[in-house]
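Worksheet: the structure to be examined is printed underneath.
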Amino acid sequence: MTDKSETAPVETPSLGAAIMMLLRMRGVMEVLVPLATLIVFLIAWDTTVRVNNIPPYILPRPWDVVTTFVTDWPILWDALQITLLITFSALLLAIVGGALTALLFAQSRWAEIALYPYAVVLQVTPIVAIAPLLIVYAPSTEAVLLICAFLVAFFPILSNTVQGLKSADHNLVDLFELYGASKSQQLRLLKIPTALPYFVAGLNIAGGLALIGSVVAEFTAGAAGSKAGLAFRILEAGRRLNIPRLFAALLLITLTGVAIFILTSFISKLLLRRWHESAMTRER
């Protein structure tokens, strides 16, 4: 008489399930690794300040920055509203101006030859060199800030949209011409849809540049009192050796830039998700 031991079959995960598990682990790691790096950096920062007895007017501890961020929030919030108003106004003007100018260039080769070099000149000229000149001619400091932020954000919209309008498939252009499509029909039905991914890529760049332009312009042109933005609060805190507030204002600018990037990325996803490969969600 022999004993027969039955072994239960071992279930092995399918290849698809294993891949999904790896992707989930990778997604978690992409969040945990930067977070762990930030925590290590903050611990090292706090330890350095405590061990070396560094006074807060030279380098505050991270908790001092957080505390100041909360206690000075009314001041920072008022300044943030001014900065955001300049930033989004300049970005809106850059979107309208850049897109319309790109459409003009697409319809007229001579207009592009005549005007595009001057757009390049404005882009490569440092904004800190233009701001003092604008102070002389602009009617107000707010106008100087708006113009400076607009000039910084304008070129990415223009150049990307022009490139997109030129990227339409030549075979499709020939097909449109074969069927007697007018220039306006080619522009509306072929070139603008082709240029849309390029436009939103320029928008992602221009959003951050508009914020940078408004802050740099305020550093250069200055704006005090109730119309002071975050850049003025940074300068004010530096002069008063209120370094915790300086760090808090800098943190707020950084968070604002990240929020603008998330917003423009969401707009990009919204515009492209149904038809463009870069934004479509794929089944894995």
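Here the Cβ of each residue, glycine as well, is placed from N, Cα and C on the backbone.
According to TrEMBL, the feature transmembrane segment maps to 27-45 (among others).
The domain 'ABC transmembrane type-1' feature in TrEMBL is assigned to 80-264.
Within the chain, the transmembrane segment (82-106) has long-range Cβ neighbours (under 8 A, six or more residues past its boundaries) at 112, 115-116, 119, 142, 145-146, 149-150, 152-158, 161-162, 165-166, 187, 191, 195, 199, 202-203, 206-207, 210-211, 213-215, 218, 223, 227-231, 253, 256, 260. The feature transmembrane segment is assigned by TrEMBL to 82-106 (among others).
Annotation comment: TrEMBL describes 113-137 (among others) as transmembrane segment.
Annotation comment: TrEMBL describes 143-162 (among others) as transmembrane segment.
According to TrEMBL, the transmembrane segment annotation covers 195-217 (among others).
As annotated by TrEMBL, transmembrane segment applies to 246-272 (among others). Within its own chain, the transmembrane segment (246-272) is flanked in space by residues 60, 65, 68-69, 72, 76, 79-80, 83-84, 87, 196-197, 200-201, 203-204, 207-208, 210-212, 215, 230, 233-234, 237-238, 278-280, which lie at least six positions past its ends and keep a Cβ under 8 Å from the stretch.
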